[in-house]
């Protein structure tokens with residue numbers, strides 16, 4: 001090596017290293033990414049959440065024209081999130097709530113600041129009131145690797161099939177992994193769905209690291225409980241999300257069990273008083289009360305913590321209609337059930353005026369842990385079991401009729417389960 005070459009390398013290597021670092025994903029940048037929506041519970045509103053890698057202003061520009069200027073502005077704030085991993089990576093989480101939206105109108109928006117803007121996205125403002133028919137996608141247990149249901153979910157969402165998404169716990173596998181880079185990758189993957197419709201969530205066991213910090217930081221749910229439990233209204237339904245994990249990770253605080261119980265008790269009382277306006281009460285929590293999977297998980301045991309841990313005394317007497325669960329990587333629909341006893345409406349029409357809540361486990365969206373097998377002999381309370389990748393569609397037609405379908409990704413979108421839940425408006429508050 002000649003002296004001039006050595007001198008050139010000595011002078012230029014620091015510059016080359018600096019350029020390489022700037023081009024790496026860790027270099028601070030302010031162009032928004034991981035954009036997603038949520039419904040804050042206030043009619044005519046929508047919250048936009050995104051991530052940057054350096055401090056920046058939080059602004060959303062929006063309008064109703066597909067092209068051209070975006071005339072409306074909304075501002076919010078950013079919070080700093082420091083991941084608990086060894087690198088202590090720092091992310092800036094931006095939240096802006098849009099208000100005074102016209103119900104049912106499609107909006108175009110972008111988020112960011114003068115330092116950098118996202119691309120344009122579209123969403124339709126949720127309709128107000130009870131006299132409309134919401135359509136939702138429901139699933140849990142979707143990972144950054146092997147998210148089998150995601151391509152179809154993306155296509156279906158872009159075609160306008162859904163008004164909202166319910167993700168029933170377990171994201172990315174796991175959001176904290178690799179110093180939260182897996183969480184970043186997952187949030188980028190779901191952006192085409194989550195930036196187009198409200199992406200409503202509940203925590204699962206895979207979010208527990210560092211006291212659920214990635215979950216709390218990345219999602220913006222209604223209420224003031226960091227997204228661990230909350231409720232919201234959608235058309236003729238009242239939807240409740242709660243944490244089953246407070247019963248399992250007691251080292252984060254036993255007081256959370258009581259706090260959630262008191263909140264849930266109060267929320268269910270209010271929902272029952274409002275049955276004339278919103279007849280359906282729907283819940284979602286990650287770990288199921290019942291399941292017939294061939295594993296040693298909590299729901300396979302007769303005395304499940306979720307079933308006996310204060311939830312059943314609340315959910316049953318208050319007449320909850322439908323309970324969504326995940327955790328098991330399969331799909332299972334139960335007969336209307338209470339305390340392991342079947343309470344079908346009738347032999348011919350079990351889901352017409354059922355005398356117990358309907359449980360559906362929908363945890364087969366796809367993750368690195370693959371699918372969960374079932375025990376060979378079905379339990380007497382198990383109606384349908386599907387060990388295939390897929391997700392659930394729910395259409396709340398009106399105050400008396402609800403349509404549930406399971407879409408199989410293994411069979412190229414074939415509907416592998418299809419039921420109607422029918423309840424009269426009168427006399428539906430109590431089962432027993």
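Cβ coordinates come from backbone N, Cα and C, glycine included.
Heads up, TrEMBL stuff is auto-annotated, nobody curated it.
Copied from TrEMBL, the annotated features are:
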DOMAIN    32-124  domain 'Purple acid phosphatase N-terminal'
DOMAIN    135-331  domain 'Calcineurin-like phosphoesterase'
DOMAIN    356-417  domain 'Purple acid phosphatase C-terminal'
SIGNAL    1-23  signal peptide
Worksheet item: Can you tell me how the residues of the domain 'Purple acid phosphatase N-terminal' (32-124) break down into helix, strand and coil by DSSP?
Response: 0 helix, 51 strand, 42 coil
Worksheet item: By DSSP, what is the split of the domain 'Purple acid phosphatase C-terminal' (356-417) into helix, strand and coil residues?
Response: 0 helix, 31 strand, 31 coil
Item to complete: Within the domain 'Calcineurin-like phosphoesterase' (135-331) only, compute the mean pLDDT.
Response: 93
